[in-house]
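Structure first, commentary second.
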Amino acid sequence: SRAIKTNQDLLPETPWTHIFYNDFWGTLLTHSGSHKSYRPLCTLSFRINHAVGGMDPWGYHLVNVLLHAAVTGLFTNFSRILFGDGYWTLIAGLLFASHPIHTEAVAGIVGRADIGACLFFLLSLMCYVKHCSTRGSSLSTWGWILGAGLCAGCSMLWKEQGVTVLAISAVYDIFVFHRLKMRQIVPALYKRKNLTLFFSIGLLTSWGTALLGVRLYWMGNKPPSFSNSDNPAADSDSFLTRTLTFFYLPTKNLWLLLCPDTLSFDWSMDAVPLLKAVSDWRNLHTVAFYAGLLLLAYFSLKGSSNERECNGRTVMNGKQNANGHSCHLETEYKTLEVKSSFASKEENGIKKHEMQKLQLPSTENLVILSLSLLIVPFVPATNLFFYVGFVIAERVLYVPSMGFCLLVTVGIRALYVKAQKRCLKNLVFCSTAALIVFYGLKTVVRNGDWQNEEMLYRSGIKVNPAKAWGNLGNVLKSQSKISEAESAYRNALYYRSNMADMLYNLGLLLQENSRFSEALHYYKLAIGSRPTLASAYLNTGIILMNQGKTEEARRTFLKCSEIPDENLKDPHAHKSSVTSCLYNLGKLFHEQGHYEDALTVYKEAIQKMPRQFAPQSLYNMMGEAYMRMSRLPEAERWYVESLRSKSDHIPAHLTYGKLLALTGRKSEAEKYFVKAIQLDPTKGNCYMHYGKFKID
């Protein structure tokens, strides 16, 4: 809702340049309550969607699906560089296309930020691959690295993690294109022929540093702040709890990639219980995960094995050729030797760098690249450098899943090579096909959960019951299933009793069903849980005013009007509630005959009024106050302003008609009375005022 439905940056009357100063939710980036999610290109795409199709969700979903298709095509093309033509490239592409973890990013509209970032991530990486293959032989190589830098910047402007493509490009250059081992990097620094390599790495580093510096400056040099329910571990006072939980969360994310059997729209609050002690059995998962990761990285970087496999065939010390590509064991850094078949091609006019790009990287180098692509884009979500506003977010795994798919493909290929018997090779292929089919079926089933809000929230009850029941209550209420909605709200509060939003929503439901004393009780609980919840003060004051408790209502409205919007998640909604509080306080003064006080409050409301607030009632009451004070010119001005802001506002037609009649402009007055009746022929109040006008 905040990213699209109530985001003022999508509206045509809002200057499009505001997109580059506001966060993803339409809040000024430097505001203390801003989420600091700076994704202007994603917001711009939403604005284009809005301009073309308004709020029709079909167009938004179409764009997401097309973007996912484009990303899948680019990823498959990148895999072809690593695996060559054949089954392995197809397997990597199918794994990515069918993986269920992508459902949230593709089916959920706001997930477009991750898809768009991934699109430009791959474009940047492909540009850098072209830079590597043309470096030292063509001036176009610098055009390719410029394209890589620009696409990396665009990726970051879709979503923050996009900037990590620069690190992946460096890994590709060192470990895949140049096929260096870890021990060869330092000696390579002293060889003149590697100057272009390290110049390219220097450019990547400089550009990445510049992008991060500008990004930090643009968001006000301050990290975002989140509520404890968004990321409970970050709010924990125990260093041990924070450490154990943060180390465990990547393990849980990897499990979602390996076995996405349980997925949820929201993993906040207590969806993943905190690890509070070393004796927690989940720490075994953490140890196994990091041990496996370190061993895999160690043996890949060491590269000590004499046996290599190349695209499905075993190669000993680089002596056997597979599919026309050479795989070599390197004990020291040197340009790969080209076999006689390539040498004959060089004689026919093919340059060395063109032959080099035909060679496929070894398994070890592929593992290094895959691990980097899995880990590096995920680092911003690890709470390592700053706290994030979620525990787990499936959409965040969209980019890292590319590394996972490559890693699985490399593993499948290695198993296929090791298998000596044809039946075992067939078993590997059948198992791979089954995995892809199961992933695809799970994706279809998960898309069914995303068909509508009710199904989505019901599917999340077993993972995050408090959030799921609360959101389900909102859906049931919109369907006029009042008793079911109340039950859902109470279920949510059973699991988490201090949720201010749920307490408020339950109070609102009770208020709308004339259960005012119960509603007051829950509003007070909501205020106790979150003293800055202006909407709870507003509705409390309205109930008290209707009950004749004017002094209590006045104090409530005044207290609400004094609440600042600092560090609030949605300052726009807060300002709307504060404006409504001031409007109702003015009405209270007006009914008591304190017109000067009412005018003072109305003027304050106009000053605090946000752009999205509908001001017609406020302007009309300003006119009413001036009318009672016999200041007719000012009254007429505000009646006209009310009708200008909303031309079908019936109260303004009636009050303006009375003023026109009072000043002798009877024919004009009659037009406004008749117009009010035409706007709502069922409203008896309109006939009453018109009848009085006729009698007079």
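The backbone N, Cα and C atoms fix where each Cβ goes, and this holds for glycine too.
Unlike curated entries, TrEMBL annotations are predicted automatically.
Noted in TrEMBL for the protein shown:
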DOMAIN    221-293  domain 'DUF1736'
REPEAT    466-499  repeat 'TPR'
REPEAT    500-533  repeat 'TPR'
REPEAT    534-567  repeat 'TPR'
REPEAT    579-612  repeat 'TPR'
REPEAT    650-683  repeat 'TPR'
TRANSMEM  109-129  transmembrane segment
TRANSMEM  141-158  transmembrane segment
TRANSMEM  164-182  transmembrane segment
TRANSMEM  194-218  transmembrane segment
TRANSMEM  284-301  transmembrane segment
TRANSMEM  366-390  transmembrane segment
TRANSMEM  396-416  transmembrane segment
TRANSMEM  423-441  transmembrane segment
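Within its own chain, the transmembrane segment (194-218) has Cβ neighbours under 8 Å at 29, 38, 128, 131-132, 135-136, 145, 149, 152-153, 156, 160, 163, 166-167, 169-170, 173-174, 178, 188, counting only residues six or more beyond its boundaries. Panel annotation: around the transmembrane segment (423-441), residues 87, 91, 94-95, 98-100, 260, 412, 415-416 of the same chain, lying at least six beyond its termini, place a Cβ under 8 Å from a Cβ of the stretch. Within the chain, the transmembrane segment (366-390) has long-range Cβ neighbours (under 8 A, six or more residues past its boundaries) at 35, 82, 121, 160-161, 164-165, 167-168, 171-172, 175-176, 223-224, 226, 230-231, 233-234, 246, 249-250, 253, 267-268, 293, 296-297, 300-301, 396-397, 399-400, 402-404, 406-407, 410.
In the predicted model, the repeat 'TPR' (650-683) shows an average pLDDT of 88. For the domain 'DUF1736' (221-293), the number of residues in each DSSP class (helix H, G, I; strand E, B; coil) is 36 helix, 0 strand, 37 coil. Under 8 Å from some Cβ of the repeat 'TPR' (534-567) lie the Cβ atoms of residues 31-33, 225, 500, 503-504, 507-508, 511, 516, 519-520, 523-524, 526-527, 573-575, 577-578, 580-582, 584-585, 588, 592, 604, 608, all in the same chain and six or more residues away from its ends. Here the repeat 'TPR' (466-499) has Cβ contacts under 8 Å with residues 229, 264-266, 268-271, 453-454, 457-460, 505-506, 509-510, 513, 529 of the same chain, all six or more residues outside its ends. A Cβ distance under 8 Å defines the sequence-distant neighbours of the repeat 'TPR' (500-533), meaning residues of its chain 6+ beyond its ends; these are 466, 470, 473-474, 477, 482, 485-486, 489-490, 492-493, 539-540, 543-544, 546-547, 563, 568, 574. Counting residues of the repeat 'TPR' (650-683) by DSSP class, helix then strand then coil, yields 27 helix, 0 strand, 7 coil.
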